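As recorded in TrEMBL, the features of this protein are as follows:
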- 18-454: domain 'Major facilitator superfamily (MFS) profile' (DOMAIN)
- 16-38: transmembrane segment (TRANSMEM)
- 61-83: transmembrane segment (TRANSMEM)
- 90-110: transmembrane segment (TRANSMEM)
- 116-137: transmembrane segment (TRANSMEM)
- 149-167: transmembrane segment (TRANSMEM)
- 173-194: transmembrane segment (TRANSMEM)
- 265-285: transmembrane segment (TRANSMEM)
- 305-323: transmembrane segment (TRANSMEM)
- 330-354: transmembrane segment (TRANSMEM)
- 366-392: transmembrane segment (TRANSMEM)
- 399-419: transmembrane segment (TRANSMEM)
- 425-450: transmembrane segment (TRANSMEM)
Amino acid sequence: MTKIFQNSLLQPKTRYQLLATVIVNIIMFGHGVGVGWLSPTLTKIQSANSPLDFVVNIDEISWLGSMLGLGSLCGNLIMALLLERAGRKFCIYLMAIPNACLWILIYCASHVGYLYAARFLCGFTGGAGYLVIPIFISEVADSSIRGALSSMVMLSVNLGILAGYILSTYLPYHIVPFLGILLPISYFMANCLLPETPPYLLKRSQLSAAEKSFRYYRNLREETAAETSKSKFEELRTAVLAQQVQNTTTALSYRDLITKPALKSFGAAAVLCMGYQFSGVFSFINYMSDIFASSGSVLDVNTCTIIIGVVQIAGVYTSTIFVDIVGRRLLMLVSTLGVGLGCIAFGCFTHFAGIYDLSGFNWLPLVLMVLIVYLGNIGLIGIFFLVLVELFPSKIRSFATSISVIFLSLLVFCTLKLFPLFLHFLGISITMWFSAVSSLLTFVYFLLFLPETKGKSMIED
């Protein structure tokens, strides 16, 4: 019970860390709404009652999906350049602009190019957020709750995806943008409450501002715990200065990237990124309505999609609870093994449904997809960015994380471009079996090589 209380997000010293996490994740919720908006909307704009004045074909649909990856790549590259130069807060403010613009483009769409641009901006927001938000949280959070707070990134995205599913299913096409644009506006205003992170201010030699920020995020007041506050701040300052001295005396070079720890980290990050994408769970989320239509399920495809949105939230919430208790490695192993077995079962059902009469089991695709998405979100998706950041040595962490997210963005582009084409030309069974093989190979690698990173310092290796 004592350990659970110490890890509680509502204990007094971490309340402002929780508040900051909720505020910065408004934009990730908005990004999720943009991602979830696509799946039910594809069903609408391919129907005879399309709200748009143009039609889309299978190739344009694949581009609509994959533009998310190109946007993510650009968002990551730009934020990687700005993160150390302009600061975390500036980058956090900046993300509101593309997220607001995407809803304007969706509302004004008179050609499929408008939708391409909107999906690109949605991806830009995600690519920027997946880099900036985890680093921001890691710099303001206590190590005892860093895992739980970092897991809220994907929890926010999944809540947004569910909201996107619901809004685009039940509301007219041109109403959704009016609601969506409220999120970046409220996000921009709420961030005025938050100071820059203490480590970044220390790197800029802004000692007074750094101490003020430190006291804010630790919920420490001038009249209380002054000595404790001073000693803890001095510990942080010493650690940051030591890291700066090390980085100054030994500037980052290619040799730092080819040390044994660095290469092991890059290998684990590459497998993590490939497992995240080739397991198919992220692609399933973007094309969920099409998957249920292809599976032969007689249940309403949009209702099934909304159910899956709820399951995503349950999965990420589970990871939020257990990530700092059982560790990262166990959650990743359970997740990759479960997704692999679930995809095998889904592929087998759709294969035999084409040969035999399995109409009595038309509920099974939904049950299997619930299992796949839940298990995918407790590890492979839910704590992906947390594990990615923690894998690398501190000296190369920013650079290596940026490289990894760039690699991930390229994979997102490829998988979202190819997935609808796989469904159309190869069929859902082969597509699911490919995802299963990828997930099981990732499981084997994690079982043999993935280190446990729970409790790892973000300042010291």
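From the backbone N, Cα and C atoms, a Cβ is placed for every residue, glycine too.
Of the two recorded stretches, the transmembrane segment (149-167) lies close to the transmembrane segment (366-392), with three or more CB pairs under 8 Å once pairs fewer than 6 apart in sequence are set aside. Contact counts against the transmembrane segment (265-285), taken as Cβ pairs under 8 Å, peak for 366-392 among the stretches 61-83, 173-194, 330-354, 366-392.
Between the transmembrane segment (90-110) and the stretches 61-83, 366-392, 399-419, 425-450, it is 61-83 that has the most C-beta pairs under 8 angstroms. Same-chain residues lying 6+ beyond the ends of the transmembrane segment (305-323) with a Cβ under 8 Å from its Cβ atoms: 36, 39-40, 147-148, 150-152, 154-155, 158-159, 161-162, 165-166, 169, 284-285, 288-289, 292, 331, 366, 369-370, 373-379, 381-383, 386, 454.
Segment contact is absent for the transmembrane segment (61-83) and the transmembrane segment (173-194), given fewer than three CB pairs below 8 angstroms at sequence separation of 6 or more. Residues 264, 267-268, 271-272, 274-275, 278-281, 291, 294-295, 329, 332-333, 336-337, 339-344, 346-348, 350-351, 354, 380, 419 of the same chain lie 6 or more positions beyond the ends of the transmembrane segment (425-450) yet place their CB under 8 Å from a CB of it. For the domain 'Major facilitator superfamily (MFS) profile' (18-454), the model's average pLDDT works out to 87.
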